[in-house]
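Here is the structure we will look at, set down as structure tokens.
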Amino acid sequence: MLDVNNFEYMKIGLASPDKIRSWSFGEVKKPETINYRTLKPERDGLFCERIFGPTKDWECSCGKYKRVRYKGVVCDRCGVEVTKSKVRRERMGHIELAAPVSHIWYFKGIPSRMGLVLDMSPRALEEVIYFASYVVTEAGDTALDKKQLLSEREYRAYREKYGQSFQAGMGAEAIKRLLDAVDLEGEVTELKEELKSAQGQRRTRAIRRLEVLEAFRHSGNKPSWMVLDVLPVIPPEIRPMVQLEGGRFATSDLNDLYRRVINRNNRLKRLLDLGAPSIIVQNEKRMLQEAVDGLIDNGRRGRPVTGPGNRPLKSLSHMLKGKQGRFRQNLLGKRVDYSGRSVIVCGPSLKMYQCGLPREMAIELFKPFVMRELTQRGLAHNIKSAKRKIERHSPEIWDVLEDVIREHPVLLNRAPTLHRLGIQAFEPILVEGRAIRLHPLVCTAYNADFDGDQMAVHVPLSPEAQAEARILMLAANHILNPKDGKPVVTPSQDMVLGNYYLTLERENIVGEGLVFTDINEAMIAYQNGYVHLHSRVAVAAASLGNETFTAEQNNQLLITTVGKMIFNSILPPSFPYLNEPTKTNLEVATPSQYFVPTTTDVKAHIEKQAFLLPFKKKNLEEIIAQIFKLFHITETSKMLDRMKDQGFKYSTLAGITVGISDIIVVKDKPEILAASHDEVDNVTKMFKRGLMTDEERYERVIAIWNAAKDQLQNKLIAGLDRLNPIFMMQDSGARGNISNFTQLAGMRGLMADPSGRIVELPITSNFREGLNVLEYFISSHGARKGLTDTALKTADSGYLTRRLVDVAQDVIVRETNDGSDHGLLVSDIVEGPEVIETLTERLEGRYSAKTVRHPETNEVMIRPDELFTQEIAEAIPAAGIKEVWIRSVFTCNTKHGVSKISYGKDLSTGSEVEVGEAVGIVAAQSIGEPGTQLTMRTFHTGGVAGSDITQGLPRIQEIFEARNPKGHAVITELTGEVKAIEEKANRQREITVTGTQETRTYTVPMVARLKVKVGDAVRRGDPLMDGSIDPKELLHVTDVITVENYLLGEVQK
């Protein structure tokens, strides 16, 4: 017996008729299933107990032998072996076919294996197998060729002409005879000879035939086994038939398909016994062939067999295929024990590594652990009574549960799991109620919110699994995002707002200019109302105990606010005191301009000093990243908890709310709108006089209204109070952006219609005034499109991730250095005026490929195979170096993977990557995860055909599939200069490029935006117009590195 749990791999081969018979426990002769009166399986039918085993444990069919003591006895009345009913999941039967039948996988699959072995086209095979033509199996001494097809008429004519000196046949029998006659050794030798001279199509065909024939030779399978003489019948419990309430039966589709095969097979046997005319027999054989095809792969050929309601029946192949098939549904992804799911709510008092688990859920999940502990402590005599105690919820089980879950991490998962941070480990804390409590800071990683999201809990059982969860998956360790190395646990919403409010500065407010000896004195004054959080005050610098202050600074007063003192109290003492949201203050030290001698008139000094900005979400992220860099994980997660608590506390104390009175009205709105209407009228007049085309008029109108909206927006911001709650929310980065504000208080602006073209009628109202019916209607298009896009793109993005993981999963860090001597030349990635990724960002954490020297002093800045630290990465562009050679995975020589040096540092830990890290999957998830946030739309530049450029998710798919892009740009094949750009008929332009040897002209559409002008120098592979370059064309014109660089730049966008 083979050990089912311990095997290296599975090998799939052809089963010979004898093999199928040896698996079988008997032949299924009748199509009957269950007797409708007795509900017992029919003898010799599809559920026969004699073949497949008894339906009840240790009991034969007729009831003569019952009980275990008759184990293994075969009943002399009904012939059923007394054994467990579980064997009905294991025992197979068989059907002896009255005529050979071809196996559809080998005849219809691509490429057709049967066709390759016989060197016949699939079309010819189909004609023979389905009884449309005869095939010559033995030519004898006639003028016919072996494997020649004959129609009915030709066959008759040749029979009369040659008599019995040749043999021809139809159906799978004829194919079987041909397959039996194949001489594998001889064919292989012939093909190897042919390959020496063959060219083109013949060569590829020969190679494919050779592959199949060699496979047959090595595996020991016989080609004729591709035609079935015996059909296996799978065990009945795997294709069950169950009685529903109401007396009807529900059955697996396979039973219907088997019934058709048996019916046709029996009819064919009867016809053969009766010696029926060949045309009737042929028709019956064809029907049998179709029935077997339907059973193995329904719908592969012709119309699928349908059940009630025209539903195609699920055949054996469908049981295995696709997302719902056996592999992806049951083998690779099972539902597991020791898991549960519930709604999540916020747990603001939790530590970073904790989650709240409802009691009833915890007792169910940890049941075996609790039962063991109860019996060990003597609270229960045996496992059974322990189980009863738990089911009755006896009071003593709760203390035991508390002890059991201590130090036992659980995994929390939120679907969709788009990247590895979608499953993290936490230590459970028992909570009342039925909702899971989640730490607010991990919401970003899970992309969770508390509006009814659900999460699943899984319990790692073995000590190894627990250790793995604790060391690798504990939430407190996942502070950096694996895709870019930036903090992923950043405060959001209330927490940002609280810290923003805490660090605000205001003038002429109670207690301004007071001097305090230390923070405690300041806090007492604040609690008693003598000073406000936002009051600018002075405090003795020494009392703050900050280790970054110099001796001189410690003898002085520090000008700060009460709120900033509180804010800094959560930071480590060796971290600079943060007084202003600047890089200098964060990375070097507190600027000395905020320190004044103790003799200063503080009030007068403060009045002269400019206001400092509060700390926004971006600043908080920078602080977290810096703390992580200096103090590593443990300290950072403690600090994050402190920042969270402080944020919640002060956003509550601030009492920031939103009311209609917070939405202010812009005084000059009517004048701005009137001026824009006049401009639009002017443009329309010019259009009517024929001074501009309709397209130009449309673009001008759109520009006018966009300018009006911007003007309103600027007026709004200028007239806003810095303490306006809506402004604070969007300025801090807690929620919303300035355009929300403009729509509430300014105007909604232009909207797109369902096709994506912008409607030139603007919505001049805002939400405070309310929209009229037409405006409401116009804005409903955009809203609807947004919702449908979101639904569609989630599925697309998931599928993209799946394909990316499929190709990248074998890319693993295999070695330290691959000894490659070349690398990649990197510089800023630029798109038009904006820089997408700076040189510093590209260098940090990578290894150098060549020595880099300072252009002026000529000193060595970095040697080959050394790591670019942040300092070096910043110093290089500062020295005026524009491009650098780095080691890259593109040029890595490692077999089946990459090396440490070419990959660079591990972004999720900030330290060097470990050998064995699955970097391919990390990369695939990092591209797939933001995919859901990308737009689905094709951008319409005013809806002109030809200038649509695909963006967002579809663009990413286009790059990875190396498709010919939509709106593809013409590129030059020469290095030289642009000599002329001429307009031609039928809306085309011709661009002439002259190189050193030759001149070429390129035709581009009139509407395309050109990237070059006359006199420009161009290099091979440069695009001449806007749009996406076809990577295959670029590869043809340039080299691999150029294409890799282009694709890299495109994905970065």
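Residue numbers in this text run from 1 along the chain shown.
The backbone N, Cα and C atoms fix where each Cβ goes, and this holds for glycine too.
In the three-state DSSP assignment, the secondary structure recorded for C78 (Zn(2+) binding site) is coil. What Swiss-Prot records for C60, C62, C75, C78 is Zn(2+) binding site, and it gives sequence analysis as the kind of evidence.
Per Swiss-Prot, Mg(2+) binding site is recorded for D449, D451, D453. DSSP assigns D449 (Mg(2+) binding site) to coil, not to a helix or a strand. Shown in sequence order, C443 are the residues of the chain, 6+ apart in sequence, with a C-beta less than 8 angstroms from the C-beta of D449 (Mg(2+) binding site).
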In the same chain, which residues outside the set D449, D451, D453 have their CB within 8 A of the centroid of the CB atoms that define the Mg(2+) site?
I344, A448, F450, G452
With a 10 Å radius around each C-beta, find which of these binding-site residues (C62, C75, C78) has the fewest other C-beta atoms nearby.
C62
If you count the other Cβ atoms within 10 Å of each Cβ, which of the binding-site residues D451, D453 comes out on top?
D453
CB contacts for C60 (Zn(2+) binding site) [other CB atoms within 10 A, all chains]:
24
Closest to D451 (Mg(2+) binding site): which of the binding-site residues C60, C62, C75, C78, going by Cα position?
C60
When you rank C60, C62, C75, C78 by Cα distance to D453 (Mg(2+) binding site), which of the binding-site residues ends up on top as the closest?
C60
For the recorded Zn(2+) site formed by C60, C62, C75, C78, which further same-chain residues have Cβ atoms within 8 Å of the site's Cβ center?
S61, G63, K64, Y65, D76, R77, G79, V80
